[in-house]
Amino acid sequence: GIWSGLLGTSLSLMIRTELGQPGSLLNDDQLYNVIVTAHAFVMIFFLVMPVMIGGFGNWLVPLMLGAPDMAFPRMNNMSFWLLPPSLTLLLSSAAVESGAGTGWTVYPPLSSNLAHMGPSVDLAIFSLHLAGISSILGAINFITTIINMRWEGMLMERLPLFVWSVFITAILLLLSLPVLAGAITMLLTDRNFNTTFFDPSGGGDPILY
């Protein structure tokens, strides 16, 4: 998590440097897109989720509920160990070909590439699938723990605000993940089957993109 935080911060600094001056520093829009995309996923899935929710929350939430442990302790392990391969795939996607940035699909105004790049996009997509599965497992665990593992006197209105914040975050995460999964699947289909979900020249929708 700390390593991901440092990596994400360094990517953030590159973005700030690029945007904080007139003219271009990187001289490559695709590279900039790759950095923006990678920085977002690294920060969310590999810093905030495992450290603040996983590591910190796993210990603090049961403590605040008066519970001996999380509802499914082994599920937490599974959730965590999906993240290292996911991070590896994401970083590999940036190293292969010209990376997966905003120009994943054939949407010319946003990407310098007029054709899809192959393995890079697949690596990024499967990385996000793993991170998504990990998040779902964690969210189910937290929701179940907060609903079922409270001691008798701990009514919902007596829950500490930290526990409420984790509870609401987990619910919102479960609501938003199908949208992410749908978008990722459409990107995968769009690239591999030459459909036009996003490509405006083929009747697709740039807003959806």
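Please read every residue number as a count from 1 along the shown chain.
Every residue gets a Cβ built from N, Cα and C, even glycine.
Per Swiss-Prot, the feature Ca(2+) binding site maps to Glu18, Gly23. Of all Cβ atoms in the protein chains displayed, 17 besides its own lie within 10 Å of the Cβ of Glu18 (Ca(2+) binding site).
The feature Fe(II)-heme a binding site is assigned by Swiss-Prot to His39. There are 19 other Cβ atoms within 10 Å of the Cβ belonging to His39 (Fe(II)-heme a binding site).
Under DSSP, the residues of the topological domain 'Mitochondrial intermembrane' (22-33) split into helix, strand and coil as follows: 5 helix, 0 strand, 7 coil. Summarising the annotation, Swiss-Prot assigns topological domain 'Mitochondrial intermembrane' to 22-33 (among others).
The topological domain 'Mitochondrial matrix' annotation in Swiss-Prot covers 55-79 (among others) and rests on sequence analysis. Packing against the topological domain 'Mitochondrial matrix' (55-79) from elsewhere in the chain are residues 1, 134-135, 137-138, 140-142, 144-146, 148-151, 154, 159-160, 162-163, 166: each is 6 or more residues past its ends and has a CB under 8 Å from a CB in it.
Annotation comment: Swiss-Prot describes 101-122 (among others) as topological domain 'Mitochondrial intermembrane'.
Confidence in the topological domain 'Mitochondrial matrix' (144-160), given as mean pLDDT, stands at 93. What Swiss-Prot lists as topological domain 'Mitochondrial matrix' is 144-160 (among others).
For 182-209 (among others), the entry in Swiss-Prot reads topological domain 'Mitochondrial intermembrane', with the evidence type sequence analysis.
Below 8 angstroms of C-beta separation, residues 32, 35-36, 38-39, 42-43, 46-47, 50-51, 55, 87 of the same chain, each at least six residues beyond the ends of the transmembrane segment (1-21), sit close to that stretch. According to Swiss-Prot, the feature transmembrane segment maps to 1-21 (among others), an assignment based on sequence analysis.
Positions annotated as transmembrane segment by Swiss-Prot: 34-54 (among others). Residues 1-2, 4-5, 7-8, 11-12, 14-15, 26, 76, 79-80, 83, 86-87, 90-91, 94, 98-102, 124, 127-128, 131, 134-135, 138, 142, 166, 169-170 of the same chain lie 6 or more positions beyond the ends of the transmembrane segment (34-54) yet place their CB under 8 Å from a CB of it.
Sequence annotations record features per position, and here Swiss-Prot assigns transmembrane segment to 80-100 (among others).
The transmembrane segment feature in Swiss-Prot is assigned to 123-143 (among others); the stated evidence is sequence analysis. Remote same-chain partners of the transmembrane segment (123-143), defined as residues 6 or more beyond its termini with a Cβ less than 8 Å from a stretch Cβ, comprise 37, 41, 45-46, 49, 53-54, 57, 61, 70-72, 75-76, 78-80, 82-83, 85-90, 92-93, 96, 100, 104, 166-167, 170-171, 173-174, 177, 180-181, 184, 187-188.
According to Swiss-Prot, the transmembrane segment annotation covers 161-181 (among others), on the basis of sequence analysis. Packing against the transmembrane segment (161-181) from elsewhere in the chain are residues 53, 57, 60-61, 64-65, 128-129, 132, 135-136, 138-140, 142-143, 146: each is 6 or more residues past its ends and has a CB under 8 Å from a CB in it.
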Express the distance between the Cα positions of His39 (Fe(II)-heme a binding site) and Glu18 (Ca(2+) binding site) as a whole number of Å.
14
By the DSSP assignment reduced to helix, strand and coil, which category contains His39 (Fe(II)-heme a binding site)?
helix
For Gly23 (Ca(2+) binding site), nearby residues of its own chain (Cβ under 8 Å, 6 or more apart in sequence):
none
